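S.K.: Let me begin by handing over the structure; questions about it come next.
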Amino acid sequence: MFHLDFVTLYAVIFLKGTTISIVWCAFALKYRTDSAALNWFQANLLSLLGGAVLISQGAQGRFWPAVFGNTIIVFAFCHYLIGLRRFNDCAGGRIVAIGFSLCAFFCMVIFKDHDRIRSIIYATGQTTVMASCAYYLFANWHGEVGAKVSSAAFVGASLGQILVIIGNICVIANIISFSLFYQLASFALLCTIFCSSVWNLGFAIMMVEKLQNGLSRLSETDELTGVANRRAFYRLLTLEEQRALASNTTFSVIVTDLDQFKAINDTYGHAEGDRVLIEFSRLVADMVGPRDLVARLGGDEFGIVLPSAERVEALELVNQIRGSLEKNEVELAGQMISLSASMGAAEWEPGEPLSDLLNKADSHLYADKRSRAQQRQIHSLPVKREGE
């Protein structure tokens, strides 16, 4: 049978920790604002330290180097979970990690004369943290490639350590010999070393995916208002068309622009005009559903995509937006003014090109604009008094 000894494997842990620490050090220096990379660097640095301490125990397996080395490894694994929390913009975890590692340390010290029980404690500590990492990954990023790679690696390593726990119990119960257990445990440790390289690779993929998603969001976000831009608007329209065709459903679109926006710019200046656009986009974004999209198409023109909505539902939203505009005045240069907007809503029909859908919405928009202009003209006519 192929023979593996633990001293050699501890040396592998040391070398693996050194190599991957260099990689995460580069990530941490390059992306200083991302504390996840820093915590994963610390995890591998601690693994390097733990491997060095475990090597010092020698073939005899001296007690204190074994206990300290294994405690450091458990604490290192806790930093993988802390890094995942930071990657998800969550604080905390370090005090729990210290407490958990100290608990493992004191439990191993208590069973100083029972090396199999100490081995169970160490393996249980590792398994608990790795299983927590796998669960956290699945719960938060189960659809992303990097998360899938890392979670699979954590599951594989956890199964290896569970095998170690079962093997120790079998040795204590005299079910298997220690020599057989030694071989099983060494292969389980090799599996954990290999899986740790894989989950670090998965973390790196997650970092790349996060950067790509950030760039994608920037490319589809309007710089002034923070809502989606024209590119995102047309991308979602295309996706909604495909979804509606596949599911035999429909969707609607609203196009809108602010009334007399040029007059606002001319009277109050472009800075105040920009503030009007920001306020208007915020108001509309607060009124739509989580699946709906508000986009600035250019200038004072906005578009709203309403998945699975019929035109009657779109018109309800139009009325809600108008009501909200009437209630919420905007202060410009010390004056309170009411905003108003012309809007057009259209519902997609099966087989209809998106250009026709938008043309319909534009036609309703221009009709609404003419109607509102006529109303303003009527209201601005002088009132004829008696005797004149």
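Glycine is treated like the rest: Cβ placed from N, Cα and C.
Any TrEMBL annotation is an automated prediction that lacks curation.
What TrEMBL lists as domain 'GGDEF' is 249-381. Per TrEMBL, transmembrane segment is recorded for 6-29, 36-57, 63-82, 94-111, 117-138, 159-181, 187-208.
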S.K.: Using a Cβ-Cβ cut-off of under 8 Å, list the residues of the same chain that are 6+ residues beyond the ends of the transmembrane segment (36-57) and lie near it.
M.R.: 6-7, 10-18, 20-21, 24-25, 27-28, 65-66, 68-70, 72-73, 75-80, 82-84, 86-87, 196, 200, 203, 207
S.K.: Under an 8 Å Cβ to Cβ limit, what residues of the same chain, 6 or more beyond the ends of the transmembrane segment (94-111), are close to it?
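M.R.: Beyond its ends, the transmembrane segment (94-111) has Cβ neighbours at 67-68, 70-71, 74-75, 78-79, 81-82, 117-118, 121-122, 125, 128-129.
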S.K.: Name the range, of those listed as 6-29, 63-82, 117-138, 159-181, that has the largest tally of Cβ pairs under 8 Å with the transmembrane segment (187-208).
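M.R.: Between the candidates 6-29, 63-82, 117-138, 159-181, the best contact partner of the transmembrane segment (187-208) is 6-29.
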S.K.: Compare 6-29, 63-82, 117-138 by their Cβ pairs under 8 Å to the transmembrane segment (159-181) and return the stretch that comes out on top.
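M.R.: The stretch with the most close Cβ contacts to the transmembrane segment (159-181) is 117-138.
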S.K.: Can you tell me how the residues of the domain 'GGDEF' (249-381) break down into helix, strand and coil by DSSP?
M.R.: 70 helix, 34 strand, 29 coil
